[in-house]
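Engineer: Residues or ranges marked as active site in TrEMBL: Asp289. What TrEMBL lists as substrate binding site is Arg127, Asp200. TrEMBL lists Asp201, His313 with the feature Mn(2+) binding site. The feature compositional bias 'Basic residues' is assigned by TrEMBL to 44-59. Here TrEMBL flags 107-357 as domain 'Fringe-like glycosyltransferase'. Here TrEMBL flags 32-104 as region 'Disordered'. The annotation signal peptide is assigned in TrEMBL to 1-37.
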Amino acid sequence: MHLSSIGISKRCFLVSLALCALLLLLISTLQTPQRQGEPPQPRPHARPTRAGRGNKPHSTRNATGHSAAGNVKDFSVTRPHPPEAGPRRPEGNAPHASLPGSQSREPLELKDIFIAVKTTRKYHKSRLQLLFQTWVSEAKEQTFIFTDGEDAELKKKAGANIINTNCSAAHTRQALCCKMSVEYDKFIESQKKWFCHVDDDNYVILPSLLQLLSSYSHTQDVYLGRPSLDHPIETAERVKSDGSVSVKFWFATGGAGFCISRGLALKMSPWASLGNFITTAEKIRLPDDCTIGYIIEALLEVPLKHTRLFHSHLENLQRLRTDSVLRQVTLSYGGFENKRNVVSIAGGFSLAEDPSRFKTVHCLLYPKTHWCPHNVHH
């Protein structure tokens, strides 16, 4: 009987231990708070890139380019979120109208833009004098003149912002690419956010330029301009010495002007910096603006963002609506062969007094300019 009671006591002891263990587990479960994982950090929104335009980059070589920078007067535009499908056309009656529905980020100022003007010595008086009288006077420190000869009188106006490229004055592929190479290198040195190239027969509407560029980030891959063709250009790309392959790409015509973000310009370096731009151009045997398009579209596979806000003398400028002229980014005028190819806009000057219409446009934008007629109204 004594042994039986001992056995019962052992069983009770074991059952008690089991119950205690179970109770402890239940208590610990009820008291331990459920941990919530930290929410994932939001990813930056990346714009999808289009592939398949042209070939992938070949062996890298360095190329060259030059640009400039400076400060501006009254212009400052805040950068809204990049639009989904390309740049928005400026709206409103004034060239500085803000983009509708945009949210401001970091401000973009004229001092952030490097404006390169390509010219040649024989046009210093006939073309550059008009530019300095009009839009360049509003962006002296941001505008850099790339020419091919010394000019003491021009040096007094532009100072260090006139750059003698020492390139040939001939209008050949090699000479044009030589100047573009210097433009690219100068821009890279400037540390500015945007590179914009124009010709010496372009009027740059600065508020519209700021508004357009403020739609994008300079750190993204942005190539803005207007093609002179309605289809991509096709050319033979030489591969070493054993043949060539065909490549298609869009390019923005230099005669209307184009802009490139710093982020994209830096990626162009293997084919554009330190003289390699000329080497790249010789590879495809095309002029400077075509070579820019080849590097960006065919090699880097970054598509051109087409915009109708840039204009060259190659198009019919009279077809541009009068009420939209001041909302464009660049304008041009016809040469000796087509003097009537100018924008249709009324103002304080007759066609004989202002054959390019640049003075008329300038006085509508800046009516307080001392040489503008007092009866000109925007």
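Cβ atoms are placed via backbone N, Cα and C, with glycine included.
Given the structure is predicted, the values throughout are model-derived calculations rather than measurements.
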Engineer: At a 10 Å cut-off from the C-beta of His313 (Mn(2+) binding site), count the other C-beta atoms across all protein chains.
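Structural biologist: I count 19 other Cβ atoms within 10 Å of it.
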Engineer: Between the recorded positions Asp200, Asp201, Asp289, where is the Cβ count within 10 Å the lowest?
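Structural biologist: Comparing Cβ neighbours within 10 Å for the recorded positions Asp200, Asp201, Asp289, Asp200 has the fewest.
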Engineer: Starting from the Cα of Arg127 (substrate binding site), work out which of the recorded positions (Asp201, Asp289, His313) are within 10 Å.
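Structural biologist: The recorded positions close to Arg127 (substrate binding site) (Cα within 10 Å), listed in sequence order, are Asp201.
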Engineer: Report, in whole Å, the straight Cα-to-Cα distance of His313 (Mn(2+) binding site) from Asp200 (substrate binding site).
Structural biologist: 11
Engineer: Over the domain 'Fringe-like glycosyltransferase' (107-357), work out the mean pLDDT and round it to an integer.
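Structural biologist: Within the domain 'Fringe-like glycosyltransferase' (107-357), the model's average pLDDT equals 95.
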Engineer: Can you tell me the CA-to-CA distance separating Asp289 (active site) and Asp201 (Mn(2+) binding site), as a whole number of Å?
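Structural biologist: Distance (Cα to Cα, whole Å): 16 Å.
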Engineer: Specify the count of other C-beta atoms within 10 Å of the C-beta of Arg127 (substrate binding site).
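Structural biologist: Counting Cβ neighbours of Arg127 (substrate binding site) within 10 Å gives 19.
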